[in-house]
């Protein structure tokens, strides 16, 4: 496997994540040279396992802030996006299933939005997922965000649900198999479905084959939806706070959005209310 990585995530400070524990050696040579060498080797392992796109701290948005903290792309630098993409276009999603006709589409991120994963052992992990890398099996420890079960079940009732992650399928697919035991996600999209733009994996909603005014995206990374900021409900990155209630807190807004045929009207009003003095 090349130096491409498995999981796309950030740490608490939106900096490169050091969450792989090299357990091959337990000795601790007391020389600077040995320490530097070990540090270099550890970084090499991390680079091959994880993909951590570091964003400035101000890009981690709480839900009560507007999503214009990430500046809009200048018109002459934007990639070609078809705002009228529909079911007849070549799209990432299959045709809408009968039970989802007339529903809006919700695109939901995985890492630090619904779960947090680590190559380091976590004593209270909800799942332990084996991932094969270069012929060696590694264990990924996965924590579920509080209230994620309630959130997913409700989203499945209200929306056509799509899982869209910048992580690789070899990691994300088995995690979602365990997470979504009700089959709420109608489709799963992985890194190969993203657009690599200016060092980030971007989720281009115009490629889904759904009307943009009927799509909502939930994501902890503003870079992921930089093409479609008006469709986004940003959430804080989650790691291990078991008192977190954010998935419950955004339910009323999402219930409201599920009833509209133009999410822009609702989200712009919501953002306007949040920025008023």
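Backbone N, Cα and C define each Cβ position, glycine as well.
For 111, the entry in TrEMBL reads active site, proton donor. Cβ neighbours within 10 Å of residue 111 (active site, proton donor), excluding its own Cβ and spanning all shown chains: 24.
What TrEMBL lists as compositional bias 'Polar residues' is 1-10 (among others).
The annotation compositional bias 'Polar residues' is assigned in TrEMBL to 18-32 (among others).
Here TrEMBL flags 79-92 (among others) as compositional bias 'Polar residues'.
Under the heading domain 'FCP1 homology', TrEMBL lists 99-257.
According to TrEMBL, the region 'Disordered' annotation covers 1-41 (among others).
Among the features that TrEMBL reports, region 'Disordered' is placed at 61-94 (among others).
According to its DSSP assignment, residue 111 (active site, proton donor) is in a strand.
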